[in-house]
Amino acid sequence: MRAVRLHAKWDPRPEFKLGPKDIEGKLTWLGSKVWRYPEVRVEEVPEPRIEKPTEIIIKVKACGICGSDVHMAQTDEEGYILYPGLTGFPVTLGHEFSGVVVEAGPEAINRRTNKRFEIGEPVCAEEMLWCGHCRPCAEGFPNHCENLNELGFNVDGAFAEYVKVDAKYAWSLRELEGVYEGDRLFLAGSLVEPTSVAYNAVIVRGGGIRPGDNVVILGGGPIGLAAVAILKHAGASKVILSEPSEVRRNLAKELGADHVIDPTKENFVEAVLDYTNGLGAKLFLEATGVPQLVWPQIEEVIWRARGINATVAIVARADAKIPLTGEVFQVRRAQIVGSQGHSGHGTFPRVISLMASGMDMTKIISKTVSMEEIPEYIKRLQTDKSLVKVTMLNE
């Protein structure tokens, strides 16, 4: 079968030390410290086969390009990949996907029915392949699994004709049938994963909101835009998005944003205070990936606003120092939380239900492409911000 594969050279930086979970020449939890000169290309690879009774084979229908895919293929001036996390190459990329079950092991249980997965069942899947038995998993934190693997990062992913996953990571999309027809069902299904990342950030880690609260989202990428839709559906009074791209600001309005800010032309602090009548926001989402640039403005809003007890949730991956002023968070009773992943807490089924109830995330898909075009668009998305989500659509 055909698949989009990433190859890179294992060439650790001088200061890198092999960690306890790293495997020399194969796998690291610090990708940007090790992998150099990435190449992305379409190749022929063997079709996956069921090896455990709990596994399913999925015929991939749709798979979106994530910023992580872009950063695994993008390099700094020394040729090292930008993505800082868990990676093991070569690997088939792709983790924002949906498809249909074409084979199911005898113990592959569908959590929607508590019965074996049906052949032809439309599904999506988590990319965080948690073990379920380490201490973080046992305490209910699968996104921080000590034995974590990740689909499309160190386990072969879904920019392919077929992908194999354990049934415990798969979620039925039957609820979307009748709401989305034809390819749109699978396009919507491919957006469950990134939308769940946003849900985990603003609802699970950020603590959610009370209806009537104000929220501010910095960064109008897919995660930021998903947060706009989720928080508006959760009852936010004023959803404010800050984003330089006009295309993305307009999409935010379509998804429910009450106000949008162009930070290159407007004073972010004054705009937020004006839109909220001086109260500020209960929740801020940092989704820009450049926290060192936006943090001073977030702090100033928190300091000057009449409202207290704000939460700042950091969701964008960035190996950057934040210029934090502790006094601001002490006096204004504010807090910072980090957010990683999308697993646990019933996040996937809740996102699917939101989509079934009318939260249409397919609006963010700028273009559908073939598998052969994926390497080109992974490269193009390094610089082209007019495209929000590019999604592979298989026949």
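A Cβ is built for glycine as well, from the same backbone N, Cα and C atoms used for every other residue.
Sequence-distant neighbours of Ser68 (active site, charge relay system): residues of the same chain at least 6 apart with a C-beta under 8 Å from its C-beta are Tyr83, Gly85, His95, Gly152, Phe153, Arg317. In the three-state DSSP reading, Ser68 (active site, charge relay system) counts as helix. Marked as active site, charge relay system by Swiss-Prot: Ser68 (among others).
Per Swiss-Prot, active site, charge relay system is recorded for His71 (among others), and the stated evidence type is similarity to another entry. For His71 (active site, charge relay system), the same-chain residues lying six or more positions away in sequence with a CB closer than 8 A to its CB are Ile81, Leu82, Tyr83, Arg317.
Remark: Glu193 (Zn(2+) 1 binding site) has His95, Glu96, Phe97, Cys124, Ala125, Glu126, Glu127, His342 as non-local neighbours, by Cβ distance under 8 Å and separation of at least 6 in sequence. DSSP assigns Glu193 (Zn(2+) 1 binding site) to a helical segment in the three-state reduction. Summarising the annotation, Swiss-Prot assigns Zn(2+) 1 binding site to Cys66, His95, Glu96, Glu193 and lists a large-scale study or a structure entry as the type of evidence.
Per Swiss-Prot, Zn(2+) 2 binding site is recorded for Cys131, Cys134, Cys137, Cys145. Of all Cβ atoms in the protein chains displayed, 22 besides its own lie within 10 Å of the Cβ of Cys145 (Zn(2+) 2 binding site). In the three-state DSSP reading, Cys145 (Zn(2+) 2 binding site) counts as coil.
Taken from Swiss-Prot, the feature NAD(+) binding site covers Ile223, Glu243, Arg248. Cβ neighbours within 10 Å of Arg248 (NAD(+) binding site), excluding its own Cβ and spanning all shown chains: 21.
Around Ile223 (NAD(+) binding site), the C-beta neighbours below 8 angstroms that are at least 6 residues distant in the chain are Pro194, Val197, Ala198, Ala201, Ala287, Val315, Ala316.
In sequence order, Ile217, Gly219, Gly220, Gly221, Pro222, Gly224, Leu225, Leu241, Ser245, Leu251, Ala252, Ala287, Val388 are the residues of the same chain, not among Ile223, Glu243, Arg248, whose CB sits within 8 A of the CB centroid for the NAD(+) site. Neighbour counts were taken at the CB atom with a 10 A radius for the binding-site residues Glu96, Glu243; the maximum falls on Glu96. When the binding-site residues Cys131, Cys134, Cys145 are ranked by how far their Cα is from the Cα of Glu243 (NAD(+) binding site), Cys145 comes first.
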